[in-house]
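**Q** Have a look at this one before I ask anything.
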Amino acid sequence: MLRLAPVLIVTLLVGPILAGLAMAVLPAFGYLPALGGTGFGLEPWRDLFSQPGLARSVTVSFASGLFTTAVSLSVVLLFLAGASGSRLDRWILRMVSPLLSIPHAAAAFGLAFLIAPSGLLSRLISPGLTGWERPPDALTVQDPWGLSLMAGLIVKEIPFLLLMSLAALPQLDPDRRVAMARSLGYRPAIAWLKVVAPALYPLIRLPVYAVIAYATSVVDVALILGPTLPPTLGVSILTWFNDPDLSRRFMASAGAVLQLGVTASALVAWWCVERLAARLGRGWIDRGGRRQGESSLRLAGQGLILVACLTAFVGLGALALNSMAGFWRFPDALPQGFTTIHWMRALPSLTGPVASTAVIAVISTSIALALVLAALENEQRTRRHPTRGRLFSALGLLYLPLIVPQIAFLSGLVVVMESLGGRPRLGLVVFGHLLFVLPYVFLSLSEAYRRLDPRWSQLALTLGTSRHAAFWRMRLPMLLAPILTAMAVGLAVSVGQYLPTQLLGAGRVSTVTTEAVALASGGNRRVIGVWALVQAGLPLLGFIIAVGLPRLIWSRRRGMRGAS
Amino acid sequence: MPARPFAVVIPFALLLAAPLQATPRPGDWEGVLDEARGQTVYWSAWAGDTRTNRYIEWINHRMRELHDVEVVHVKLDDTGTAVSRVLAERQAGNLDDGSIDLIWLNGENFAAMRANDLLFGPFADSLPHFALTFPDHNPEVLTDFTLPTEGYESPWGKAQITFYYDSADIEDTPPESIEALLGWAKANPGRFTYPRIPDFTGSTFLKQALIALAEDTDALYSHAEESDFEAVTEPLWNYLDELHPHLWRRGRQFPANGPGMLRLVGDGELSLAFTFNPSEPAAAVADFELPASTRSYVLDGGTLGNVHFVAIPFNSPNKAGALVVADFLLSPEAQAHKQDLAVWGDPTVLDLTRVDEATRALFTPEEENPAMLPPGALETTLAEPHPSWMGALQRAWQVRYVGN
């Protein structure tokens, strides 16, 4: 049974994606009998390339993928290099999990309200410092270069990469590495960057690739913060798919294939940058500089991550303020009055979506967890050591859903499911979520599982327990903290899913995220505030349980409580 | 293997039973009501406005009481997704068990679904309450952007372009024509804009401007391909080229849609804007989104208006239920509730000058609300051009103004 787990995972993930992709590729070459396309041709591609602004859409998508990843990764590495266990460092680390639980769209709305010309920052300093009686006519949100889009993504990707790095770090024994380097005269941050970072990177390479793929194809954040004339490629494709002119579906499919190409080339470009960085980095290490730049590195790491954390939290706070605001004229720093009417109106309609969100999240996370545990336990028993961090191993296919842009295969998947007679029901949505929850749960749990000292198992076996008993009575309890964290990540991923819920559920399954996105199209910031807080609150609950439960259960065993 | 024969028989049995329950005859209204009982109608409708959502929830409540039909609001951010869904279902060969029973739509989406045979009908004429719209006197309930509906959709609400502004901000009279708007924008740079094309409201602004500026407006009421598009639209592009530098963000950026524009007025970024729902400004004042000093008006010579409809996809498994909902939407009770400013404020499609006294009494007279239009302001309604103009204008706009 256990041996089947990896096979099951791979077919479960790869099958639907390939089938969905095929259904997107066929219309891209003119084949879509339902719309009268029975022959093959290049017409959709000609239409696509004649779209105004296409080159710019592609450039922004490509650039935001690389730039977002480069900045987030640098900030994370600089912070880890400079972290010395001070109170500030511990506080930042504690902020990471809740930050991860804020859905992308909610964080984006918060940021947009923060930095808009009529936003909170501008209100706070006006008219006192600026003399502005009305908002300045400045392009800060949705700028044509995609800078605000990248900022929004960076704020959300930093916690993700940080959490992934923290999960992978212990197996490198960073303290001893740094101690060794320090004995040779290196300052701590320099030492970390020279001896730990090069070993850490291969372990977090897959999450990094997932960030690139996500940032090149993201739709919800790009709708809120991204450029508009033209929008990013992902947003354009969605608009074409939804165009009343049904013949645009062909071009939309061609766009989806192009999106796949853009993501793939961003990955290839990153791979080249990796080579280059490795070469330059080696030179830097070889030169043997021991102190140069220590304090500025440290400062940059802490400063940047602090700015990112604060931005996310202040943005969320601003949304909370909005959800209770009466009329709020510029440049007042606070609304003219407060009211609970927005919450009172939303409450009756909250229960259904909250319940279905919770049900979907719990079921898909539980299935994902069971499959991941089975695959990892199988790995331990067969002693086939995994090809860690390498993209093309069999289990590496697990990450396909994170690398292939959602928009490219989901609409095709709808057709496949319809043909198979899978009617849009809760089950289908759970399956759709599983595609994305599974890789994240695997990503969060695998390193902790693999690095659990094998001698514990051996000890249990010598005491006469069976392998099963060892798994249930020794491994699971010892891994309670990382398992709960992985579950919390899984829940957060499930709660945030929009396209899979909407497309596979035919809109019938309504979750807090589908409600939030539908209401966001109405642009009422007060209503958006209410729903964004609800949307952020659910995964937060998961993270609180993940941190609190081990402390409660192991209140008498400090060593079992896990990190943080 | 004893299970085998059943595996063959059951699908056949279903196949035989399916047509009987899936196609009601709208003419036999009693039969439709009987069949509808116990059905659940999945209604795909744009859900960006909490007032609309609450109204649909009320419809569900009333339908359960009156006809034992459950209405589920499938909340959309874009009606196009529903059209995609029906298309995907046909692509996959799902011809009688679709997931959508009713769609709120008009204009381009209707034209697209009709052209691709994705709709059930004709049914509108057989709805008992349809007669209250007095279609012979009100042809707008039979035509959707110049296309005859031919009974494939049923009207349930009206919209007309209405301008609004903050009277604390604009002390003298606001611009009352498209031409005056240009002068006003020059005098007040950065305080007006329109939603980004291809947004529905933004595209309507283009059409409104085109009707005001074009020399030959007759061409707009037949297919765009039949006329010299360049020549007809040239005055529009000249106008926009001149207007854009004086718009919000100098015309380099546009709000996403009508509600986006409303938010900018609330934030003080814009002083003047427009909406498709005449009562939206008053509703937004009540919801704290706009200042109490908001006022509404309509351009001299009238503004574009249209009717919005509901239609039934060809593969809906609950057509009887959908028919009963479409009929209830036209009932005086539902129409009066909808027009109530405290509920939604969407104007009725019933002809109140022709219905009987008792029906008219249901519609509460408009209260004095400073943010509302004065009574009678909506008397001159310009008709929507042929739907082909919308697409053609959108494409031409994008070629001109989307940066490369």
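Glycine residues also receive a Cβ, built from the backbone N, Cα and C atoms like all the rest.
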**Q** Per TrEMBL, which of A:212-235, A:476-499 is transmembrane segment?
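**A** In TrEMBL, the transmembrane segment feature sits at A:476-499.
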**Q** What stretch in A:54-81, A:102-125, A:299-321, A:354-376, A:476-499 has the biggest tally of Cβ pairs under 8 Å against the transmembrane segment (A:250-273)?
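**A** That would be A:54-81.
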**Q** Using a Cβ distance cut-off of under 8 Å, indicate which of A:54-81, A:145-169, A:354-376, A:476-499 has the most pairs with the transmembrane segment (A:299-321).
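**A** Ranking A:54-81, A:145-169, A:354-376, A:476-499 by Cβ pairs under 8 Å to the transmembrane segment (A:299-321) puts A:54-81 first.
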**Q** Other than its close neighbours in sequence, what residues sit by the transmembrane segment (A:397-420), given a CB gap under 8 Å and a spacing of at least six beyond its ends?
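**A** For the transmembrane segment (A:397-420), the far contacts come to 9-10, 13-14, 16-17, 19-24, 206, 209-210, 213-214, 216-217, 219, 234, 237-238, 241, 256-257, 259-260, 263, 267, 391, 428, 432, 435-436, 438-440, 442-443, 499-500, 503-504.
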**Q** I'd like to know if the transmembrane segment (A:54-81) touches the transmembrane segment (A:102-125) in this structure, counting it as a touch only when three or more C-beta pairs sit under 8 Å and are separated by 6 or more positions.
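**A** In this chain the transmembrane segment (A:102-125) does not contact the transmembrane segment (A:54-81) - fewer than 3 Cβ pairs sit under 8 Å.
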**Q** Report, as numbers and ranges, which residues of the same chain sit near the transmembrane segment (A:476-499): CB under 8 Å and 6 or more residues beyond its ends.
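**A** Same-chain residues near the transmembrane segment (A:476-499) but 6 or more away: 97, 100-101, 103-105, 163, 167, 219-220, 357, 360-362, 364-365, 368-369, 372-373, 406-407, 410, 432-433, 436-437, 440-441, 443-445, 448-449, 452, 456, 511-514, 517, 535, 538-539, 542-543, 545-547, 549-550, 553-554, 560-563.
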**Q** Report, as numbers and ranges, which residues of the same chain sit near the transmembrane segment (A:145-169): CB under 8 Å and 6 or more residues beyond its ends.
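**A** Non-local partners: 60, 63-64, 67-69, 71-73, 75-77, 79-80, 93, 96-97, 99-100, 102, 104, 107-108, 111-112, 115, 196, 200, 203-204, 207-208, 211, 214-215, 218, 221-222, 224-227, 232, 305, 308, 311-312, 443-444, 447-448, 482, 489, 563.
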**Q** Cβ under 8 Å to the transmembrane segment (A:426-445), counting only same-chain residues 6 or more beyond its ends: which ones?
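**A** For the transmembrane segment (A:426-445), the list is 9, 12-13, 16-17, 163-164, 167, 206-207, 210, 356, 359-361, 363-365, 367-369, 371-373, 375-376, 395, 398-399, 401-402, 410, 413, 417, 482-483, 485-487, 489-490, 493-494, 497, 500-501, 503-505, 509.
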